[in-house]
Amino acid sequence: MSSIKNVLYFQSGLGVLANMFLLFFYIFIILGHRPKPMDLILCQFSFVHIIMFLTAGDIWLSDLFESLNIENDFICKATFYTGRVMRGLSMCITCLLGVFQAVTISPSTSLLAKFKHKLKKYIIYAVFYIWFLNFSINSHMIIYVGGFNNVSETNQMRITKTCSHFPMNNIIKELILTVITLKDVFLVGVMLTTSIYMVIILYRHQRQCKHLHSIRHLRASPEKKATQTILLLLVFFVVMYWVDLIISSTSVLLWRYDPVILTVQKFVVNVYPTITPLVQISSDKRIINVLKNLWLKCHQTV
C-alpha cells in the first residue's frame, strides 16, 4: 500500500510541476504577446489540473488544512466539492478543445466555417457557461459529503480515512445521477463526434495532396499537428473516463470504498492531468523553443 502511495505522490508532483510550467508560460503569452484563442483555453486547462492535484482526496491540500487545525467537516466539503468541480471542468475544457479545433480546420464550404470569425467571442461565452454549470451541478457535494461520524457508521460510505458520503433521499439521488450522467454522455458524445470529424477532415486532406511538395507541406502544417495532439487527448480522456466510471460505479453499488480501490481510482483520475501537459509541451513549438533557449543559456554559463 505504501508503494502505491509513493507512486501517487510522484505522479502528483510531476503533474503539478508540468502544469505550473504551462500555466506560467500561457500567462506570459497572454499578457506579453498576442495570444491565440487556444492559449486562453489551455491556460485554464493547466490551472484546473493543478487544483485537481491539490484537492485529490487526502494528498496535499487536506494535509495543509489539518496542519492549520481547520475543522474536518469543512476540509472534506471544501476538498471534495472543489475536486469534483475541477474534474468536471477538465472534461468540459477537453470537449471545448475538440470543438474549437474541429471548427478551426473545417473547410470553408462546411456549416462550421461561419463560426471561425467569431470563435474567440464564443469561447469566452462557453468558458463562463462551463464554470457556472460545474459549480452548480456539483453543489450537492457540500451537503452530502462531510467528516466521518462513528455514530451512524452503517449509513455512511467512507471515501477517505476522515471523510464520508452521507446517505440521501432516493429521488434526489436518482435526479442528481440522471443530470450528471446526461451531462457526461453529452460531453463524451461531442468528443467522439469531433474526433471522428477531425479524422475525416485529415483523411480528405491527405487524399487531396497528390504532389510530393503538398504532402510535405501537410506534414509540417501546425494545424495538422495541433489536430493530432487534440485527437490524442480526446481519445485518452475517453478511455480514462470509462475506467474511472467502472471503478466509481462498482464502489457506489456496493456502498463501500476499499482503501486500495480508492488509491487506484486516484491514480486513474490523475493520469490524464499528468499526461496532458507533457503532450502539450512536446507538441508546442513555442514551448520547445523556450526550453531549447534555456538549455543553451545554461550550457553557456557553465
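Cβ atoms are placed via backbone N, Cα and C, with glycine included.
Residues annotated as domain 'G-protein coupled receptors family 1 profile' in TrEMBL: 18-280.
Here TrEMBL flags 6-28 (among others) as transmembrane segment.
The transmembrane segment annotation in TrEMBL covers 40-61 (among others).
Beyond its flanks by at least six residues, the transmembrane segment (88-110) meets 37-38, 41-42, 44-45, 48-49, 52, 116, 119, 123, 126-127, 130-131, 133-134, 137-138, 183-184, 187, 190-191, 194-195, 197-198, 201-202, 223, 226-227, 230, 233-234, 237, 241, 272-273 of its own chain at Cβ-Cβ distances under 8 Å. As annotated by TrEMBL, transmembrane segment applies to 88-110 (among others).
According to TrEMBL, the feature transmembrane segment maps to 122-145 (among others). Taking Cβ pairs closer than 8 Å, the transmembrane segment (122-145) reaches residues 37, 40-41, 44, 76-77, 80-81, 84-85, 88-89, 92-93, 96, 100, 115, 159, 163-166, 168, 172, 176, 179-180, 183 in its own chain, all 6 or more past its ends.
Residues or ranges marked as transmembrane segment in TrEMBL: 185-205 (among others).
Cβ atoms under 8 Å from those of the transmembrane segment (226-243) belong to residues 38, 91, 94, 97-98, 101, 104-105, 184, 188, 191-192, 194-195, 198-199, 201-202, 268-269, 271-272, 275-276, 279-280, 283 of the same chain, restricted to positions at least 6 beyond its ends. Annotated transmembrane segment per TrEMBL: 226-243 (among others), in sequence order.
Within the chain, the transmembrane segment (6-28) has long-range Cβ neighbours (under 8 A, six or more residues past its boundaries) at 35, 39, 42-43, 45-47, 49-50, 53-54, 56, 59-60, 263, 266-267, 270-271, 273-274, 277-278, 280-281, 287, 290.
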